[in-house]
Structure formats: C-alpha cells, structure tokens
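Student: Input: one structure, supplied below.
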Amino acid sequence: MPKLLFIFTRSKVRASSIVQTLLNDIRNGGKEIGGFSQAMRTFTTSSGHVEEPVSGLGQKQIVDALVFGERSRAVSLLYDFSLGNNKLSANDFASILQTCARLPDPLFVMETWKIMEEKEIDISAKCYFLAARALCKGGYLKEALSLMSIMEENPNSYSMLPVYNNFLVACSETHTVDYANECMRLMEHQMVGKNEITYAQFLKLAVLQQNLSAVHEIWKECSKYYSLSVISLRKFIWSFTELRDLQSAYTTLQHMVSLVVRENSYISRTAEGRFCDLRLDIPAPSTGNLSFIDASLNTEGSTNFDLERQSIGSIEISTVKKPLSASVTKLLRWSFNDVMHACAKVQNCDLAEQLMLQMQTLGLQPSGSTYDGFIRAIVTTRGFSDGVEVLKVMQEKNIKPHDSTLAVLAVICSRELQLDRAEAFLDEMAEIRSPRPYNAFLEACDVLDQPERAVQILAKMKKLNLQPNIRTYELLFSLFGNVNSPYEEGNMLSQVDVAKRINAIEMDMMKYGLQHSHLSLKNVLKALGTEGMIKELIQYLHAAENRFSRYDTYMITPVYNTVLHSLVEAKESQMATQIFKSMVSSGVPPDAATYNIMIDCCSIIGCFRSALTLISMMLRNGFNPQAVTLTGLLKISLRSEDFDGSLKLLNQGISEGIQLDVLLYNTILQVASEKGRIDVIELIVEQMHVHGVLPDPSTCSHVFAAYIDHGFYNTAMEALQVLSVRMIAGCDNIADDKQTELENLILGEDLEDESQILEPFKDSKEYLTVALLQLRWCAILGYPVSWSPSESQWARRLSNNLASMSGSL
C-alpha cells in the first residue's frame, strides 16, 4: 500500500497532531468549504470567555446549524460542547457524523473526530461507518482509505463490508480506479466478504475500464454464491451492453425474463428511491482473489459464460401468468431498452424487431427510449423510410419521439440526400445539444452543390445558439471557399470575394476558440488553388507547416498534396517542383498521391525521364503504380504524338494488372480525336469494351467528333448509339420491360418526357441523363434505337479488327 496521510491512526496523540496540522492548513487557504476557516479563526481569537457546556440538546443544535448552513455557529457549538465537564460517549457524536455524511461535510467530520480522540472516546462501529461515508462522499478517498486500514483492529468495528461498499461507490462515481484497487487489496487482506452491492460496484469499475473479461469473471463469481435477482441481472445486462457484448446481454435478458415469469420477485425502494431486493443479503465469503478489477487488464471477452447461450434470433416467447409489479416491470423494460440500444450500436435490426415482439408478448409497453433504440437499429441498415413507418406507430400511440431519435433520422435523410425530410426532422427537435445533425445536412448541401440551403441551415443554428464544432467549419470552407462554378477560372473579383469569405469563417472560428484541423486547412487550400490564388496558397502552406508536425504524415502529407495538385493545375510546374523537393528534404514522406501528382507535373513540362525517376522512387518506397500513374505517363508520351509508345505503355499496364479506368482511356481518345487517328480510337474503344470499362460522356464526345471531322456521319451516329446504350446497360442486355420504359421516354413528344429524362441528373446520375438525351437526339434525326450493341455492324467490325489493328500499330 502506498504511503498515505493517516488522519486516523492507532496513536491518538499522533492522530490529533496530524488533524491539527491539516486544520491549520485549511485555515491558511487549503481545502476550505464555506466559512469553516473563518469560524475557526473567530473561535480561537475570542475573548477567552468559554461558555458552559451545552446540555443533551447540544447534538441537535450543532446538527441544526449544519443543516441551515450556519457553519460558524456549528463550529462554536462543537467546541463549547467539547470543553464542558460532561462525560461524553460515541453516541453523543453520532447524529453530528450522520449529518456530515448526508450533506456531506468531510472537514467537519475531521474536526469532530479530533475532539473525540482528545476526549479518549471509544469510537463505535457506527461512528467509523459514518465518518468513512462522509469522507467518501466528500471526495476525500485517501483519508477514507486510511481510516479503513485501521478499522479492523478496533474491537467495536464488527462490520466492515458497508464501509468498503461506500468507498467503491465513491470510486466508481469519481472514476478513481487506483483507489478502488487499493480498497480491494485491503479487502483481500482483511478477508472481507462481498455482497450484491459489492459486485454491482465491481461491474461499474469494469465498465469504466472497458474490461469485458472482468465482467465475465464477476458473473462467474457472483452466480457461484447468489441466485441472481432481477436487480443484479439488470446490472449485468447494462454492463454487457455498455461493452457491446450483445450475445451475453441477450442471454442474460432471456434469463431475466424466465425469472420474472417463473416466480415473483420482491423488489422495493430505498428512501433515496433506489431499487432494492427484499431478500436477505448474506455476504459471500472472501475468495482471496480480487484480481479481476485491475487497470492493466485487457478488454478481451470471456468464453466461460455460465448461462446456457442462446443463439441470437431464437428468442424465448413466454407469457406472464401473474401481473408483474410496477418495480419489476420498470426494471424489465429498462433492460430491454439497454439491449435494444446495443442492437442499434452493432446495427442488428433483426434482433431489435424480435425484442419488440417479445416486449409485446410480455405486456411491456415500449417507451420513447425503446423506440429510440429501435429506430436507430432499423434506419442504419434499412434507411429512413422504415424509421418513418415506426414514427407513425409512435404517433398513433401518442408517444413523442426523443430528440436523439429525430437527430438520427435527420442524419440518415441527409446521407441519402433527402434535404427536405432532413430539415423537417431538425425543425421538430425541441432541444439540440450537438451540431452533428446540422453538419450532416451541410455535408449533403456540399454534395449536391446547394450552398443556398446551407445558408438557411446556418441561420437556424445561429438562432438556436448552437455552437458549431470544427467539422462545421470544415464543411463551411468546402461550401463557401469557392465562388466560381467548377472548371471556371478565377478572376480578380472572385479572388477578393473568396478572401473575404475565408476571413469571415476564420473570424467565427476564433470566436469559439477553434483552430484549423488538417481537413479545414485542406479545404481552404483547395479553394485558394481553384481560384488561382498562388500567393495565399503558399502562405497557408507555411501556416500548416507550423500548425502540424512534419512527421505526422496523416496530417501534413495530404496538405502538401493539396498544394502540389493546385500548383500543377495552375501550370506552376517550377513552384510545384520546389515545394516537392522541400517536402522530401524536410523529412515529410510522400505517399502514392504525391508521386502521381508530380508525374502529372512531368506531363506538363514533357519530361519523361523525370517521370521515370519518380516511378523508381515510388516503387522503392512501396507504392505500386496505378491507373492515374499510367495516365500521367501517357500524357507525356502523347505530347509527341507517339501513339505506338502510348499503346505499348497501355498494354504493359494491362499485363501488370493495373486496374484501368475511363479517364485513362479518354486521355488517349482525346489526343487521337484531335489528330484524326480513327484507327487508334477504334482500338481503344474495343479495348474498353473487352476490359469492361464503361464509356462516359467524354468518351462519346471524342469518338463522335473524330468521325464527324472525317465526314463519317452515319458511323458517328451508330457509334453514339452503341456507346450510349453501353452507358445505360453496361455489359448486360437491357430487359424487355425496361426497354419499353426507356423507349417511351426517348420517343415521347410531350415536354414531360424530356423533364423525366432530366430527373436522374438531380440525383447525381448525370451519365444516365446524358445517355438518354443522346439516344433521343439520334431518334429525332431518324436513327432507330437498338438495345443490342453487339448486333451493331460498327461494334462487330471493331471486335473483328482488334487483333489485326493491335498488330499493325
């Protein structure tokens, strides 16, 4: 046991001396409560006249003074009480100590205890218990532990277990695991037994340490000595759910259901309103081993769970023969709620539905908390529509949803880009404590490029006085950092506007004491780069270097990548090269993205040798080339119109297993279209088809333009049809019913038909919209739609010529 401040010791002279020293420290500004020190100074500097000792009502007067907060008077009465000639006993101080334990007032306990020792009073077990309880409740755990260490040698302290239980309660409430370990070592040394209250505190400490294996060990020992009550089972269920052991929580819940169905449970309430079991609680003997609560234990689960495990999904459906008491019903519902919320944490919606069914069978009416867990379990796997259906059931039962329920529905709706529904749920919330649902809404606005909706939701946050967090500002920089539309270059006016916006957002951050995160800085850098604000871009890079460690690759490397990408996009190749060299020389390790950006930089200056050097560095550092790497090399090769070399690079990438994408193929198609190389275009289109790479609008544009430029109009229309159908169907044939539906859209003459074609564009399915519009245009020009691309003469020719064309190039 570590060296402690022994306020209470076997030597009364030494105890009085230490207490007096502590009280002197308190008077000089140490641990002071209320006017305690002032009262002591008043007493010791009085005129010397000492009143006669108070009568038997002295205790009551001191207690009344403490209860009414008259601390100076209480101290004066205590010392008057002690200076009389009365023969005092422990009972004369019991009410005072009991009041100190209830308030609590640990300092008054110390003063009272000092007087009791000076009077050489035989201290009773009750006084020990009350003094220890006051110290525990007041947070003086070190002093309480000192008292408990000497209690075993006092013949009057016959029952130690309640004292230890109080100490463990204080440890769990203050999250003080070290003192709990000291207490348990003391219990082991003194061979103190344990009761269900003790085990309950062990559970809280195990959960505090996230120690699932300890909970299983507690179960084994507790069930060895006790027929577990409904209260104890409820605490084990809570522990298992807190540690996400859904299997054990479910099994224990079924044991609890069996218990209440099989026999009556006698549950009552204490004066404080806590549930208690009316059975005789006989302490279990000490096992001599309390090692299952230790800060160094791991968090692995145990397989020695003594209850017969039931597989999740096979719920026992029982009916209650006798009506359950209100207390048992409440405990049972709480346990169902705990397991229901655990289902939400692990996204087990099937078990959540079965638990709801079992509650109905048992006659347990689900509460708002039950539905909160149930909806959370459902919407995370099935989407918001199922959650809305449950909300309708709650409305029929006149159960108001919790704010947390509405918040999770708002988040799910935002993720599914249903902004109107998400905003409706946000408006229903009575009290909003977290910006998380609003952040999800802002993120959806960012995805849909709807900053105007974001402005509205920000106004609501301000009106509600909801403090943003750093995630809010990360999204604000992404939403409002850019002024121009995508692919539109910045100008002087837009750059001034961007600078004002960034400054305004940063000023708001400072108001809440928030600093940039790596993501918020990345978004600022991205905005500056898009607007072409190179000077400001470099300034923020230096700020990021000062903000984050150069060796924290998770933070700083992506920031460098953002800057390098912006410089390459702005054709600032020389500056990008300097930044890259500075990055490497200062010890910031490049990642695969860094190398790919710099290879793209080489494509701008046309330096193939530098690109090969970068690939060598890339391989040496454990990064394999990807499609974007190959795209950069192809750009360099195509600058000199070296189509043979480009096709060799392409074939080499295919042979090395690089997963090619449409951007890579479009890189070749663009140059081939500009240079009129139809032979290369047809080879690339067929390779895309063979390797399952679907065309996109750019593919269609390059191919169509090449044929038109050569006057091959019919071939251009046929190619456009084939590529459009492949965009819609992929490599599969379209079903007959789907063909009919699409033909009605394409061939329809009403304005509504064209508006329906545009609908997918709103859901970010622009490829489908472009393909349908292209087919509609072909039909208008008199080219009938064919839903079988493989039957096209153009497609068959490309397939037949692939081998010969590859050999000739």
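Quick reminder: no glycine exception, Cβ is built from N, Cα and C everywhere.
Bear in mind that TrEMBL entries carry predicted annotations, made automatically and left uncurated.
Keep in mind that what you see is a predicted model, and the values were worked out from it rather than measured.
Checked TrEMBL, it gives:
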{"type": "DOMAIN", "residues": "338-458", "note": "domain 'Pentatricopeptide repeat-containing protein-mitochondrial'"}
{"type": "REPEAT", "residues": "434-468", "note": "repeat 'PPR'"}
{"type": "REPEAT", "residues": "556-590", "note": "repeat 'PPR'"}
{"type": "REPEAT", "residues": "591-625", "note": "repeat 'PPR'"}
{"type": "REPEAT", "residues": "661-695", "note": "repeat 'PPR'"}
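Show me how these features fit into the structure around them.
Tutor: Non-local neighbours of the repeat 'PPR' (434-468) in the same chain are 407-408, 410-411, 414-415, 417, 419, 422-423, 425-426, 475-476, 478-480, 508, 512, 514, 764; each lies 6+ residues outside the stretch with a CB under 8 Å from one of its CB atoms.
Sequence-distant contacts of the repeat 'PPR' (556-590) (same chain, six or more residues past either end, CB-CB distance under 8 Å): 518, 521-522, 525-526, 528-530, 532, 534, 537-538, 541, 544-545, 548-550, 597-598, 600-601, 604-605, 617, 621.
Packing against the repeat 'PPR' (591-625) from elsewhere in the chain are residues 553, 557-558, 560-561, 564-565, 567-568, 571, 573, 576-577, 580, 583, 631-633, 635-637, 639-640, 653, 656, 658: each is 6 or more residues past its ends and has a CB under 8 Å from a CB in it.
Nonlocal intrachain contacts for the repeat 'PPR' (661-695), taken as residues 6+ away from its ends with a CB within less than 8 angstroms of a stretch CB, comprise 627-628, 630-631, 634-635, 638, 641, 643, 646-647, 650, 654, 702-703, 705-707, 709-710, 712, 719, 723, 726-727, 730-731, 795, 798-799, 801-802, 805-806, 808-809.
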Student: The repeat 'PPR' (661-695): mean pLDDT?
Tutor: 93
Student: Reported in the order helix, strand, coil, what are the DSSP residue counts of the domain 'Pentatricopeptide repeat-containing protein-mitochondrial' (338-458)?
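Tutor: Grouping H, G, I as helix and E, B as strand yields 95 helix, 0 strand, 26 coil.
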Student: List the helix, strand and coil residue totals of the repeat 'PPR' (661-695) as derived from DSSP.
Tutor: 26 helix, 0 strand, 9 coil
